Structures are given as structure tokens and as C-alpha cells.
Amino acid sequence: MDILGINSFFITLLIVLFISPIAQKKGLTDKPCSRKKHSGEIPLTGGISIYLCVLILFYWLPINNYWYIVSATLIVACGVIDDFKHLNYKIRLIIEVVATLIMIFWGGVEITNLGNLFGFGDIQLGYFSPLVTIFAVVGGINAFNMTDGIDGSTGGISLITMSLLLMLANAMPQVTGICSLFIPALTAFLFFNMRAFGRKKAAIFLGDAGSMLLGFTICYLIILISQGENRIISPVTVLWIIGFPLLDAIAIMLRRMRKGNSPFAPDREHFHHILPLAGYTHHQTLNIIFFASLSLAAFGIIGEKLFELPEWLMFYLFLGLFFLYYLGMSHAWKMMKMLKKIHAN
């Protein structure tokens, strides 16, 4: 870890310690309810702390795109307001779209090529590029936001994802620079968020500000490494790298719409809710989620880099996996009974 990474870790620690008591007094806390089973009011300071650390150190990165910071600031501001007052999801979507438009038209970061998804050559988006980019980034932000259901889940998934991106993009300073700030900051956050060191509950939560920031940042990074002439991975490999959040979010949104509900209506039918009901402990649930995230990402990377599998094959394999996952989640209670039997054995 270089000096920037060391600073990132300790600055995040200090910010958490400084602002968490303030958040407690001001009411920036997560309160228990029918959907949230934790005890006590937990400060929602993880995301704000990571953001402030990145903001402080961003100037010292070798290559900077300050429009990323502008977009990220908008995302975090939206998340903080949502943490305080629970914004209508339509307002959240509008703000996410505006932040993505800034990234596209001022930051110059967008999806222009979907790759060879069907075996007939690369799909160039042309004039549809901004629309597809908005759809992908807003979808990615909300996918990561939906993983934030148990202590350590979103932070851990993001840490795995950014570590893989750091290894892949060692020739892209813009990507490695951002990862080198976020990875130590996430590690510091997880020190407070994980049930570890004799602690039976999280000391702080990410909040919507944090999960949205992480989702946006990861989308920003994977667009950088999967687009352009010097791309490091094919666009389809991106699906595998963020495979677990993507599969779970799309499956749960389709289920909600099938029931006549809003795709953004909260519930307790995510994968991370089903496992505890099936008898798995918090740590077992977390380990399964991390293993699934790492396995999917590794399959995508190894499939492209080592076995040089065709993009269209990787795409169809992902669609097949999604079909199986959706089928399983559509019968969540049957799945829970099956998992109980597996756990019992």
C-alpha cells in the first residue's frame, strides 16, 4: 500500500470517529422497523466518510477527471437527503440521471460499444450511447443499493470488485488511482461495519449515500476499462464482474413488477434475507455472498483472459445463469426450505 492508500485508511477512520457522534445527535441514523431488524439507532456515516476522504485526497491522484467528483457529489448529496427524509424514488432517479449526464457530456465517459453479444460483430451504439449509459449506470447504482441489507455486504462486495479492477487495470492510472483511494477507505469502513472484534452489531452503516456512491463509482470504473480502443476487458465481462448485485437486483425487480408492485418497493425477499431464514448465521450468509460475488467475477475474467471464450458465449451463459437464478428466486420459499435441508446436512 502506497502513502496515498495509508492516508486514505487513516483519514476515513478519523472522519468516522469525528462525524458519527454528530450524526447521532442530528438524527442521521438508521432506526429499526419491520424491514430492519437491527437494534438501536445506527449512524449512517460510512458513505459520507468514504466520500470526504476521497474528496480530500483526489487532488493527489496522477490523472484526475474532476467531473467524476461533481457527479459523485450529486449522488452523495441525494443519498444523504434520502437518509434523512426518505426521498421519493422518482426524485432519486432524476438525480441519478443528471449525475450520469454530467459524467457523459462533461466527463466524456460513456458506453459506446456493447461488444459481440450475438456473434454477428460488435454492437456500436452511436446516437443511443447516452441512453444506454444512463440505463446501465442508474441500474448499477440501484443494484448496489439493494445489496445493502446486512452488515458488511455492500462494503465487502465493493471491496472485492475494486480489488479485481485494480489488478486488471494496472496500466490505467485513472482507474488504479480511484481504486487506490476506495480500497483502503472501504477497509476502514468495514472495521466499523463488520460484526467482528467482539462486536455483535455494526457501529455504523453505509447509508444510501454510501451504497449509491459505490454503485456509481464502480459503474464509472468498469465503463473506463471496457470501452475504447485500449479497453482491458470486453463489455460482456462487466456483467460477470458485477454479476451478483446485478442478478439479485434484476430478479427481485421483475418479481415485484409481476406482483403489480413498484420495482423500487422495499421488501425482505432478497437473497441476503432468504439465507438467514433458512438457518444460516450472519457470517455464513456473508461468506456465501462474498464467495458468489468473487466466483462470478473470476469466471468472467478467466473465461475471457485465460480461455478466450467468445463474447457471445459468455453473454448466453450469463443469460442462462440469470434464468436459473430468477427461477429460484421466484420460488423463494421453496428455495428457503431446500436451503434449510442443505444447512441441516
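Placement of Cβ uses the backbone N, Cα and C atoms for every residue, glycine included.
Pulled from TrEMBL:
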type: BINDING; residues: ASN145, ASP208; note: Mg(2+) binding site
type: TRANSMEM; residues: 6-23; note: transmembrane segment
type: TRANSMEM; residues: 44-61; note: transmembrane segment
type: TRANSMEM; residues: 67-84; note: transmembrane segment
type: TRANSMEM; residues: 127-145; note: transmembrane segment
type: TRANSMEM; residues: 175-192; note: transmembrane segment
type: TRANSMEM; residues: 204-226; note: transmembrane segment
type: TRANSMEM; residues: 232-254; note: transmembrane segment
type: TRANSMEM; residues: 285-302; note: transmembrane segment
type: TRANSMEM; residues: 314-333; note: transmembrane segment
Tertiary contacts of the transmembrane segment (127-145), as residues 6+ beyond its ends and Cβ separation under 8 Å: 75, 93, 96-97, 100-101, 103-105, 110-112, 114, 154, 157-158, 208, 211-212, 214-216, 218-220, 223, 242, 245-246, 248-250, 264
Most Cβ pairs under 8 Å with the transmembrane segment (67-84), selected from 6-23, 44-61, 204-226, 232-254: 204-226
Neighbourhood of ASP208 (Mg(2+) binding site), C-beta criterion under 8 angstroms, separation at least six: LEU44, GLY47, CYS78, GLY79, VAL80, ASP82, ASP83, ASN145, ASP148
The transmembrane segment (175-192) vs the transmembrane segment (232-254): 3 or more CB pairs under 8 Å: no
Selection from 44-61, 204-226, 232-254, the stretch that has most Cβ pairs under 8 A to the transmembrane segment (6-23): 44-61
Cβ neighbour count within 10 Å of ASN145 (Mg(2+) binding site): 25
Contact set, same chain, for the transmembrane segment (285-302): CB under 8 Å, 6 or more residues outside the stretch: 147, 150-153, 156-157, 160-161, 164, 168, 233, 236-245, 247, 271-272, 275-276, 314
